[in-house]
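Asks: Mind looking over this structure? Questions follow.
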Amino acid sequence: MDEPVLLTGAGGRVGQAILRGIGDDYEWRLLDREPLPAAKVPDGVTDADRFVADITDDRAVREAMDGVGAVIHLAGDPRKTAPWDSVIRNNIDGTQVVMRAAVDAGVEKFAFASSNHAVGGYETEDRTPELYRTDDDYRLDGSELPRPGNLYGVSKAAGESLGRFHHDEHGMSVVCVRIGNLTKDHPPREYERGQAMWLSHRDCAHLFDRCLQADYGYEIVYGISNNDRRYYSIERAREALGYDPADNSADYTFEGEPKGEAGGDDEDGETAEGDRDGPAEPNFPTDPDTPTDGA
Ligand SMILES: NC(=O)C1=CN([C@@H]2O[C@H](COP(=O)(O)OP(=O)(O)OC[C@H]3O[C@@H](n4cnc5c(N)ncnc54)[C@H](O)[C@@H]3O)[C@@H](O)[C@H]2O)C=CC1
Ligand SMILES: O=C1O[C@H](COP(=O)(O)O)[C@@H](O)[C@H](O)[C@H]1O
């Protein structure tokens, strides 16, 4: 990708995992409605490439989109308890503004941050908790219909449909990544569902790198690590994108400690407690029913 890549929601958890992994590999345009502190911006990204704007602001988005070759669209309300007015505005209307601007600017590839919650309704009482365990072979593979379990999931299913429309109608390549549960350095602690859908930071960066590099038309893939526990298939991500994840929640204890290593230190030498991802910015109220380690 020789042209710049627009990253919306750049200051958030997923955006920062991507920039920490592949921040030096692309010419970025970074957009977020909150100003990004210098520590969140890769070297070489100039002030002119940083846009403090809301994605529902059509003019500002078009300005940021000018000359862009690919988009990673993350900005939105990530709360599974997000109310309808917020998901309508931030997740549905905002996604349409960004996708339409991308089509009009001739953007080649568009990666959309969808969510496990677009299909949360498949986690029925008769399937859970067995579904989250290694000896259960039930798999969603991206070909199934959306089945949201909340209005946030509805908004992500709507984003996937907008992507389908803009691909079919305008030819833009669109990949919708149903992201699982991103946590840094270790899987979510003592949380079976989270460990089944863990996405490590390095696998996250690698997956979105593949979204920028691979050739595809319209795809829905699951964004999880190579977890032994899983009910999402990553075969389509492997085939369509060349995704080759490095991490597996089975390499950690249920409490989140790396197996076979003394002490509780993580990859970076800090304590696990200190590595917890929190909300990047307090832009939306904290989700009351999110496990403390699930962010
Ligand atoms: N973190 C996770 O495990 C998962 C995240 N996702 C999706 O990935 C995307 C990013 O999620 P996170 O990084 O976790 O969220 P986050 O809340 O940490 O980051 C979102 C960023 O987008 C910005 N933003 C929000 N609304 C905006 C708007 N209207 N205009 C401009 N900027 C706006 C915020 O300022 C923030 O920096 C979201 O769309 C979320 O639904 C999906 C599944 C799992
Ligand atoms: O879409 C999202 O999903 C993850 C995982 O969901 P959870 O129900 O296991 O918490 C969530 O952490 C994230 O905030 C959300 O955007």
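Yeah, the Cβs are placed from backbone N, Cα and C, and that goes for glycine too.
Taken from TrEMBL, the feature active site, proton acceptor applies to Y152. If you look up TrEMBL, you'll see N90, S115, Y152, K156 marked as NAD(+) binding site. Under the heading compositional bias 'Acidic residues', TrEMBL lists 263-272. Annotated compositional bias 'Low complexity' per TrEMBL: 286-295, in sequence order. Under the heading domain 'NAD-dependent epimerase/dehydratase', TrEMBL lists 5-183. If you look up TrEMBL, you'll see 244-295 marked as region 'Disordered'.
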Asks: Which residue, of the binding-site residues N90, S115, has its CB surrounded by the fewest other CB atoms within 10 A?
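Replies: N90, out of the binding-site residues N90, S115, has the fewest neighbouring Cβ atoms within 10 Å.
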Asks: Give me the Cα-Cα distance between the residue listed as 'active site, proton acceptor' and S115 (NAD(+) binding site), rounded to a whole Å.
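Replies: S115 (NAD(+) binding site) has its Cα 9 Å from the Cα of the residue listed as 'active site, proton acceptor'.
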Asks: Among the recorded positions listed here, Y152, K156, whose Cβ has the fewest other Cβ atoms inside 10 Å?
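Replies: Each of the recorded positions Y152, K156 was scored; lowest Cβ tally within 10 Å is Y152.
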Asks: Quick test of your reading of the structure: among the binding-site residues N90, S115, K156, whose CB sits under 6 A from ligand 2?
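Replies: Once distances to ligand 2 are taken from each Cβ, S115 fall under 6 Å.
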Asks: Indicate whether K156 (NAD(+) binding site) is helix, strand or coil by DSSP.
Replies: helix
Asks: Cβ within 8 Å of the NAD(+) site centroid (N90, S115, Y152, K156 excluded): which residues?
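Replies: Result: G76, D77, P78, K80, A82, V87, N91, S114, H117, A118, G153, S155, G159.
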Asks: Between any two of N90, S115, Y152, K156, the residues recorded as binding NAD(+), what is the biggest Cα to Cα distance in Å?
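Replies: If we measure all Cα pairs in N90, S115, Y152, K156, the largest is 15 Å.
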